[in-house]
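> Encoded as structure tokens, here's the structure I'll be asking about.
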Amino acid sequence: MGRDTNPRKSLGSLHGRIKEARVLMVGAGGIGCELLKNLVLTGFGEIHIVDLDTIDLSNLNRQFLFGMQHIKKSKAMVAKETAGKFNPNVKLEAHHANIKDHNFNVKWFKTFDVVFNALDNLDARRHVNKMCLAADVPLIESGTTGFNGQVQVIKQRTTECYDCTHKPIPKSFPVCTIRSTPSQPIHCIVWAKSYLFVEIFGTSEESSPEVDPSENDENAGEIANLKREAEELKNIREKMASPDFAATIFGKVFAADIDRLRSMEDMWKSRKLPKALDYAQISEEAEKIDNSVAKNDQKVWTLAENYVVFADSLQRLAKRMLELKASVKDGEAAPILAFDKDDEDTLDFVAASANLRSLIFGIDSKSKFDIKQMAGNIIPAIATTNAITAGLCVLQAFKVLREDYKTARMVFLSRSADRAFSSEKLSPPNPNCEVCSVTRITIEADVSRATIGDLVDKVLREQLGYGEELSLLTKELLYDADYDDNKDTPLSEIGFGEETFVTIVDDDEEEPRINLVIVVTNTALPADGEPITVPEKFEIPRKLKAIPAGNGGGTNGLANGLKRSHEDLILAAGGEGANGNGNEPEQKKRKVDVIVENRDVNVKRAKVFEEKKDDDIIVLDDDGFITID
Amino acid sequence: MAASTPSGAPSSKEKKYDRQLRLWGANGQNKLESAHIALFNASAAGCEILKNLILPGVGQFTVIDDKLVEEADLGANFFLDEESLGKPRAERTAALLGELNPDVKGNYLVDSLSNTLSAKPELLNPRSTPFTHIVIISPVPTPLLLQIPIEIPVFLVNCVGLLFTLRISAPLHTIVEAHPESLVDLRLLNPWPELSALAAEKTKNLEVQQEMDGDEGMSDHEHGHVPYLVLLLKYLDDWKRRPEGDGTHPSSYKEMTAFRSFVQDKMRTHVPGGSEENYEEAVAAVLKHVRKAEVSEYAKTVLDHPACANVTSESTNFWIIAKAVKQFLESPEQGNGLLPLSGGIPDMKAESSGYVALQNVYKNKARHDAALVQKNVQSILSSIGREPSSISLEEIEIFCRHANFLRAISFRPFSAELSTDEFHKKVVKDAFESWDADSALINDYVAFRAFQEFITQNNGRAPGDTEGPLDEDTVEMQRLAKAYLSEVGCSLELAERTENIIGELVRYGGAELHNTASLAGGLVAQEIIKIITQQYVPGNNTILFDGISSKTGTYVL
Ligand SMILES: [Zn+2]
């Protein structure tokens, strides 16, 4: 009996494929630890782990590959070390790095059979989704929140991608709500974390995604005032070493600034007038209170207790800042402190400051425990949900290795045991998805010599047949018919690195092509030749005319779209602008089919969504029994 | 002010458990830390279950197993290493599991379930057992299973290949904090005087457009910030008094939609954007919140339970408070047919002062109701000879807040299921008559039932775990499955799904696959945590999992 007796017996021929498989796991956190253990013990041949994070005490209630002795060490490295001991036949490789680093390029992604996303943030998820689509590698995406979890299989041109459905963006608040007219605890917490803390200990130019600074006629005057206030605060920052630093800050933000606000009579016509805090009175009362009150994180602190925590944490932070400053050498950037929910000094400061502000505006104060959750966007997490989710990821990987996307599933976990989880069939790609419903090509360019002009003229117009009206975008607009300032600038000077994704939007009014994504790889090309390689000529499919919204805006899937010829597509779009062949009955019928087919898809999805909302129906699927040979 | 401490850090334990305290709070954590789990059979699934209880900080665990570590164990069980080969599994797994969390005490016993039952009966006697919960990984013959006293919660797990099942047997289980989606109960159709008064005051000049500062009426800003709750109360009142109305609240769907338009029409539309957010919130809340306050079926089950009527000095706090709540509900001077108010209100568009005033009216009423329940609790406590203050107001308040979501679950014992009693027969027959019977996991249950019978008849050997031909075991499993179906009174033909599952079970020969064991470890530990913390609603009483189609099914068997 060998160590792989059980897997061999249960998995049959799939076992061989698993042993050959080379997989990538992005993220070695809660799901990652479970997943890595499962992959290692299931016998996956080669596993690469990428994680930028280091280990924190609050990870240890679930991330079992780590112990107390590993705190502050690299998650990827420690995970590899711990898990590796359990199966000498598996090859493990760890990268303590950001998955967005340029060396993790499309070519590198292509070397894997399956990629697992075990991430905790939208940005990295989207990035890996994009890379897997470009590399045409199947991705198993997963996530958990408390008792809820989700596993999704993503395969280019076969299933929905991560971005095919709308993902909610984090909430942001207007700057005046945060700085002048708060009405909820969260407004005061964002103020303490993204304004006050940053002005005193960070770089104030930092803009926070939680605050929307847009200026309009109504708030222009107030925004000017706020800028001046921030300037004054910055000056106080210079007095960090002074013994009355806390008193000065307090006097400014909890008294002087409030008095200034009170004087804006229009603002308070229908709002409750804020009331400045009385430093002398509060600090006297605070004499009797011990600093240890900060440890009581379940209690809602009194005014004086908040002051004690405010003054004490400010002193702790100032001390750290002064020490950092003393160790900085000439020419190095000035040190800063950043808010971290698990850094007690920063959390105490934000909790106390937020509560003091709430008291000024007559808003409910919160306990430090609650503020930690609100300020840190904390997501509850436990081992059990991660274990279930990781187990489901591996089951889906079995299907992916067999290229069986028909029985692969999207699985949802809920905390209710009556329906511990429900699964549904994978949906086809959303034809309007800007991430996956595109054509992709890769070209090589010497970015120090090649220009936007080379790209537009030599590649897009001459080779691919684009007309005058087109735009090039990366994160920003690089070029369009009315904006050609960059045309002669080398690509390297407008942000092109080792590998850059450029989206080409065809602005032709009649028959625009679907979006084209060019992956530009930096290559040293012979100095006497062209600075850019030109792809073979090929026809990029045209966009389908949108079916009116309400049907979900669906047209046919890209998978079909790419296979169809140009004429068919126009027809399928609903006959508008159809050319001479448009009356041919056979093709007309096809047009109808396409639309109906997609309506069905959308109707079915809408229903599934409704049912989930009501939370009482399991989506049942009728798949037959599959035996694994 | 006292001298500065280097850091106001909470204990490292709180920090370590921060992410889970947000799910079950300090109360749940205390219960978890008081639990002692026994695991019989240190298989991969068993160890994964323990792992998921040790990480969040269960009090103690004891591994009971009489086998020695073999090479095949290493391939499936993460908590065994090369050094463990040839040593007792109980000892090695307890040691490696123990490393997961220094706050948890680990013990082991090199022994089997059958020997423990016969040679160390005190370990499984409800009066002397150190264990609060028992996890058993099959194969365990039925007679042994039936010897475990029903007073101890037992979690029986079958984990074979890509399949697993969990069966929970436990004494009457009560839950206060079921964690429903929302505790909000607005009582819009049953307002109390203070709430009506506040609504009347806040809507005094609702229809009057203020032209100038200081004039009568409401400015657009004020009008757009009247909380939607107040708007609904006002318009419900107006609706009742319509000359064309019959003096009642809207109740039918048709009336509700008419009422919705009634509210919509009162919105000021000359304002920027052409609509008012608070009115939109009011319109959206009509179908959800305009309804009579009612006692849920779950709460009725609890309040009508014999344990509630027959409170004695042995009763738990749950039943004492439940009785006090029932008295509140029935007393014309107290609830008068309504449960204590939960007291929370949702977020809504409002000025903070207006919102706080409204919040206080709800909070005060909830506090008042809880105080009445507390009085009832005190007199019940006196009547059973307990100190009247021995149940804290805080505990009573939590109970009152959750009153409409209380649960009492009676888990059926193994004996009732395995003797195929009438209740069991009906459940299985009904499941076979459901529209999705072909793909339902009741077919898997039939195969697992045959599996249990096979194990019992073969002295603990799993089907397929043999050097001989597998066909014999398959034929025997099919015979047992048919015998079971005839006992239930169902068709003797085995469903295709059942035959397939039998095939899989025999092919795996009782072997665990790490990935399935890990998944089972997550799911089973999650149910154990629900039972230990008495929070959230656990599965009752059998959960089946099929890893081929990633499906689960739950049955009360
Ligand atoms: Zn997409």
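Here the Cβ of each residue, glycine as well, is placed from N, Cα and C on the backbone.
Among the features that TrEMBL reports, active site, glycyl thioester intermediate is placed at A:CYS176. The domain 'THIF-type NAD/FAD binding fold' feature in TrEMBL is assigned to A:17-435. Look at TrEMBL and you will find A:271-372 tagged as domain 'Ubiquitin-activating enzyme SCCH'. For A:444-522, the entry in TrEMBL reads domain 'Ubiquitin/SUMO-activating enzyme ubiquitin-like'.
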> Determine the Cβ neighbour count for A:CYS176 (active site, glycyl thioester intermediate): the number of other Cβ atoms within 10 Å of its Cβ.
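So the number of other Cβ atoms within 10 Å of A:CYS176 (active site, glycyl thioester intermediate) is 20.
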> Tell me the residue counts in helix, strand and coil for the domain 'Ubiquitin-activating enzyme SCCH' (A:271-372), as DSSP assigns them.
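Its residues divide into 61 helix, 0 strand, 41 coil.
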> Give the mean pLDDT for the domain 'Ubiquitin-activating enzyme SCCH' (A:271-372) on the 0 to 100 scale.
89
> Report the DSSP secondary-structure composition of the domain 'Ubiquitin/SUMO-activating enzyme ubiquitin-like' (A:444-522) as helix, strand and coil residue counts.
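When I sort the residues of the domain 'Ubiquitin/SUMO-activating enzyme ubiquitin-like' (A:444-522) into the three classes, I find 16 helix, 29 strand, 34 coil.
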